[in-house]
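Annotated in TrEMBL:
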DOMAIN    7-67  domain 'Glycosyl transferase family 3 N-terminal'
DOMAIN    77-327  domain 'Glycosyl transferase family 3'
BINDING   84, 87-88, 92, 94-97, 112-120, 124  5-phospho-alpha-D-ribose 1-diphosphate binding site
BINDING   84, 115  anthranilate 1 binding site
BINDING   96, 230  Mg(2+) 1 binding site
BINDING   170  anthranilate 2 binding site
BINDING   229, 230  Mg(2+) 2 binding site
């Protein structure tokens, strides 16, 4: 069902919802470049002011998936994506990237969808490059990496070519839009399980409900109340969980897992080199704060990836993978395997 631009803007002004089919059509037109930059800008700002609904976000994610270059992995039910919306302004090192090696060492199959840093000093793609990983792989090579190493990294620009039509509009607007929360909802491998960090507490409940509509299996959406799109050490962390079709919301604390509370000041970085070093330190069991926050987030990933029966068991398995060296070995294995495909 199509909808006119005038009707879209009218509904935004009047804070009325754009229905699923209408939003799917509208987003498809925007991604396809069928709307002028001026109209796209007006719509994106209007949606932001109105506040996007769960159904609007769901329809937009489905439209973006339609235009994505897919990675057809068998047994998507076993896959976990672990990424964040970014934009939290915390300037911490790439915690979820470090945590994926720990989770993979514990047996979770990772299909991580990531990009370069926009508001941060280092995105997951930046730090993986710094660590020597080849991030520009074809879908068949990503599938092979997952099968052989338990990890696949999907560099967003290679899978979201259609976003080129809207990227300049987003850049010129310069404020957050619906696209800031769509990235983690459009995993090219359609991973059924997910650990997603969000930049605002309201998104904890919103994103987990969107992922339920997108037919995800086991999901944890998290917001560290210290102001992080990760589980935090210096505060409680809000959690939205989808499991067996049921959504629950609760908070966790570092002390629940025998992890001391500390500020994130010690894990802030100013460039990707510093981020890479903290990843190495955490995987080598050297830096206390870095190691602890990686283990906490990896524990959540292990639980979301259905390799633990509880978060507590997941955190225990994460510390074990760090201490026995298997997490560090997983990084080396993944790095070496991706370089087989270097041009």
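These residue numbers are counts, starting from 1, taken along the chain as shown.
Here the Cβ of each residue, glycine as well, is placed from N, Cα and C on the backbone.
Predicted automatically and left uncurated, TrEMBL annotations should be read as such.
Sequence features, as recorded in TrEMBL, placed on the structure.
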residue	record	contacts (Cβ under 8 Å, 6+ apart)
84	5-phospho-alpha-D-ribose 1-diphosphate binding site	96, 184, 196, 197, 198, 199, 229, 230
92	5-phospho-alpha-D-ribose 1-diphosphate binding site	228, 230, 264, 267, 268, 269
113	5-phospho-alpha-D-ribose 1-diphosphate binding site	81, 83, 154, 156, 159, 183, 184, 186, 187, 188, 189
115	anthranilate 1 binding site	123, 124, 125, 155, 156, 157, 183
116	5-phospho-alpha-D-ribose 1-diphosphate binding site	123, 125, 126
170	anthranilate 2 binding site	44, 177, 179
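All chains included, 25 other C-beta atoms sit within 10 angstroms of the C-beta of residue 96 (5-phospho-alpha-D-ribose 1-diphosphate binding site). In the predicted structure, the domain 'Glycosyl transferase family 3 N-terminal' (7-67) carries a mean pLDDT of 95. According to DSSP, residue 170 (anthranilate 2 binding site) is assigned to a helical segment. Note on residue 230 (Mg(2+) 1 binding site): other Cβ atoms within 10 Å of its Cβ, all shown chains, come to 28.
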